[in-house]
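S.K.: What TrEMBL records for A:130, A:191, A:214 is NAD(+) binding site. Per TrEMBL, substrate binding site is recorded for A:237, A:259, A:262, A:328, A:361, A:415, A:420. TrEMBL lists A:259, A:262, A:361, A:420 with the feature Zn(2+) binding site. Annotated active site, proton acceptor per TrEMBL: A:327, A:328, in sequence order.
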């Protein structure tokens, strides 16, 4: 695993190289996705069925074979072992409680002349949730995408999830049941994204599509952006652990593993003001790695993109954290509240030694869909606010139209827009 | 101008055709933009200077010739006629006051076991504002883009504005001065967007780029999305007027003109429950059109994409308005408050006969950057919230780590993510 120290003369350069990730879109993927989207737009259900049969090795005769009712979701929910069902329900309750605090409210105020200005908040009518199938089918992602929409008051939630070879995942379907998903189609890939964006005879057109997916899904989301809203286009998952050197090194090693086990391009970085502590974590990694079922992935990820970095002190660690703007920032220190004001850019901050990232991934309450690849500089976690939108309200009184009309008239003439000016002037009394 | 009635049997189809707008990206534009972006990324300032000289017919020798200081903005401000300067300042004051209400605040709460959950709100460090040059150089757009960033507390605001043939627009520069823009570069097109996204030797890399532009600018913004944040990719401007038939038809005609005068593909539609009123508006249009300096554009726009639509009643008008989800919705009726609850999708609602859209464009207070092309179904006006972002906070106590750890462990094992489970289990006491 790469070892760096902030005191190295080429540290800034090496850090930049470590974080670099080729986000360029693949023209071959783009072309394939464009063809699929156009085909789904033109032929609807028939195209969705054909692509699904081909890519997911299914034998659907019509879209009906790819449709799951609430009853089927309920049956999956009932099939789960009680402990797992209760864990899902407990997670859903906590996630719901947190997200209820995010709900935006309308507001307005009046000027002295009776002119009203405000902002009306409304929920989206219908959203689509993309849930990956196969090896990365995560029920927790169903909760994290559907529950904020539910809390926002979205009218209808449509989920798409591929079921390669027809294999359905009961945990995923049970999570959809708990989260209040209205309809599920067992289709994925660009064809499912296109169906949600344009609508087919059977799959309703949605207003926004959220949820992670592979390169084809990401390219399709980019492509339909504008026709519908999308959440972010996510990059590889990342964790940055800042540790004062006093946390059990086994805990830190396992936290790094829990990011690295996602896939070979995930990134796990540790900053600590002690080379000796980094050595102890390295020893823990060596000790624990052989015990991990996903050790091949973890080893590749830590080898490709991981790093243990010695810093001068925690102040410097915070500066570096702000530059990295990580998706997950673990602040494994004695007094995390003291360091919080120095941290500006991160998707989520896990404060204190007992807050392993995995608690946040499943059940602490906040969303686990977070900005990656330094986009926490400008982006936020997925939230209720992604499923609400605002409308400006302006109600100008006759008295208010006088001063405002004169200002608007001057500025509109200044911009050469005479009709704008005249529209304001017609409302003037003199 | 097209006349329709909602009672026609093919109305839904005709309305859909009326709203249809080809948003397909032009592959030739995309290819040109990709080459420019790559070149700016590789060669920095030199590439920006070359493209600017070529496309804007300039003779800059270095980036210094394309750089304006705050002093030069101040000089432009002082050169303005007093009335115009005061109008800009009055507009800026009202826009600031409205946007201050949009500022988001951090929040948190604690569970009984001391576990803290919250959301920390911070401003973006640095943003770029694209301001079109030439015929569509609008000082009001400078205010509408820069002031929300300022209110959000953005650290640095960089503006780019092309100056074809070297012609600078004092109103635009004065608006930048008033709005607190920190630096201005007189460059535009894809090269300016790429410079802001990647940074050059002289132009600082920003975290987000907002502001309208032509097809090249839009393609460049789409391309750099992910490296930086962007606002929306705007389509043609639109107004939908809903009138009860009691507003002066000259006022309505002028409100339609004030949208149509933007360009030939702008869209102006009127809904009213009276064919006779539509006739009167049509007569006003015929009467007023010859008096308008931009009549050729207005005529083309109304002819290409405008419509006067007779509806059964105002209830139906609201339903149609929700389908159209217009950028600007004028509710020119006796009691607009009564109809507001029926309206779900619009960028901004202009309520009552005295609220001409142009008052909102310049000085009422709300932003004039609004979602177009039916995207008000899922998108919001540009606002302070576009220049702030959220970070989730999770601080789990030792006591809290016990129940949460058990839930996370169950779910992580259910997903086959053993390291996630183990990270939670290590924090369990037994």
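Including glycine, each Cβ sits where the backbone N, Cα and C put it.
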S.K.: Mind sorting out which of the recorded positions A:214, A:327, A:328, A:361, A:415, A:420 are close to chain B, meaning Cβ under 8 Å from one of its Cβ atoms?
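M.R.: Answer, by Cβ distance to chain B: A:361, A:415, A:420.
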S.K.: Return the single residue from the binding-site residues list (A:191, A:259) that has the minimum number of other CB atoms within 10 Å.
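M.R.: If we count Cβ atoms within 10 Å for the binding-site residues A:191, A:259, the smallest count is at A:191.
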S.K.: What does DSSP assign residue A:237 (substrate binding site), in three states?
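M.R.: It is coil.
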S.K.: Going by a 10 angstroms cut-off between Cβ atoms, which of the binding-site residues A:130, A:415 has the sparsest surroundings?
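M.R.: Ranked by other Cβ atoms within 10 Å, the binding-site residues A:130, A:415 bottom out at A:415.
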S.K.: According to DSSP, does residue A:191 (NAD(+) binding site) fall in a helix, a strand, or coil?
M.R.: helix
S.K.: For residue A:420 (substrate binding site), which of these recorded positions sit within 10 Å, Cα to Cα: A:130, A:191, A:214, A:327?
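M.R.: So the list is empty; none.
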S.K.: Which ones are near residue A:327 (active site, proton acceptor): of the binding-site residues A:130, A:214, A:361, which have a Cα within 10 Å?
M.R.: none
S.K.: Report the residues of the chain - excluding A:130, A:191, A:214 - with C-beta within 8 Å of the mean position of the site's C-beta atoms, for the recorded NAD(+) site, in sequence order.
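M.R.: In sequence order, the nearby non-listed residues are A:132, A:160, A:162, A:188, A:189, A:190, A:192, A:193, A:213, A:216, A:217, A:220.
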S.K.: Would you mind ranking the binding-site residues A:214, A:237 by how many other Cβ atoms sit within 10 Å of each Cβ and giving me the lowest?
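M.R.: Least crowded of the binding-site residues A:214, A:237, by Cβ count within 10 Å, is A:214.
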S.K.: Should residue A:327 (active site, proton acceptor) be counted as helix, strand, or coil on the basis of DSSP?
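M.R.: Looking at the DSSP assignment, residue A:327 (active site, proton acceptor) belongs to neither helix nor strand, so coil.
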S.K.: A:262, A:328, A:420: which of these binding-site residues has the highest Cβ count within 10 Å of its own Cβ?
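M.R.: Most Cβ neighbours within 10 Å: A:420.
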S.K.: Could you measure between residue A:415 (substrate binding site) and residue A:191 (NAD(+) binding site) for me? Cα positions, answer in whole angstrom.
M.R.: 46
S.K.: Can you tell me which of the binding-site residues A:237, A:328, A:361 is spatially closest to residue A:191 (NAD(+) binding site)? Compare CA atoms only.
M.R.: A:237
S.K.: Please report the Cα separation of residue A:328 (substrate binding site) and residue A:214 (NAD(+) binding site) in Å, rounded to an integer.
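M.R.: On Cα coordinates alone, these residues lie 21 Å apart.
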